[in-house]
């Protein structure tokens with residue numbers, strides 16, 4: 001079954017899934033390990049979710065957050081949700097950004113709050129980035145090996161689908177380890 005982020009098919013980027021929510025790796029991560037957690041049903045606002053969906057979404061944010069912190073050796077997380085267009089949401093599908101943070105050695109450790117304007121700019125560019133990613137993938141299929149081309153600042157290089165699939169596969173292993181411990 002295909003998984004959609006609004007109208008964009010993201011199945012290959014998924015590394016975590018429940019009956020009502022999923023997590024995907026990011027096309028242009030702000031920091032290593034920047035992921036999105038979304039409800040399966042594409043609704044624009046948190047208030048559009050029913051209680052079961054909201055519970056699943058928040059439980060998934062917590063579960064994925066623990067794994068992302070461990071996988072990326074983080075000390076904390078920035079968890080952000082832009083709930084509606086006026087708040088900066090550019091894709092009309094509820095989603096939480098999870099960004100692993102370090103006290104030292106991360107791009108924002110000297111000024112931790114500087115991440116928010118970068119996140120807002122990233123969210124604003126997301127629709128064009130996703131459309132271009134889809135077009136580039138189609139061109140690679142048609143032409144062979146054309147690289148993904150998306151406007152990005154020098155710190156946030158867009159990744160190929162193969163790079164995102166590789167990260168998603170790696171992140172899945174953390175959940176498999178957790179499942180084995182729980183058995």
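Here the Cβ of each residue, glycine as well, is placed from N, Cα and C on the backbone.
The motif 'Histidine triad motif' annotation in TrEMBL falls on one of the ranges 88-92, 93-97, 98-102, 103-107, namely 93-97. Cβ packing within 10 Å was compared across the binding-site residues 26, 82, and the lowest neighbour count falls to 82. Summary: among the recorded positions (95, 97), the fewest other C-beta atoms within 10 A of the C-beta are counted at 97. Nearest in space to residue 95 (active site, tele-AMP-histidine intermediate), taking C-alpha to C-alpha distance over the recorded positions 26, 82, 116, is 82.
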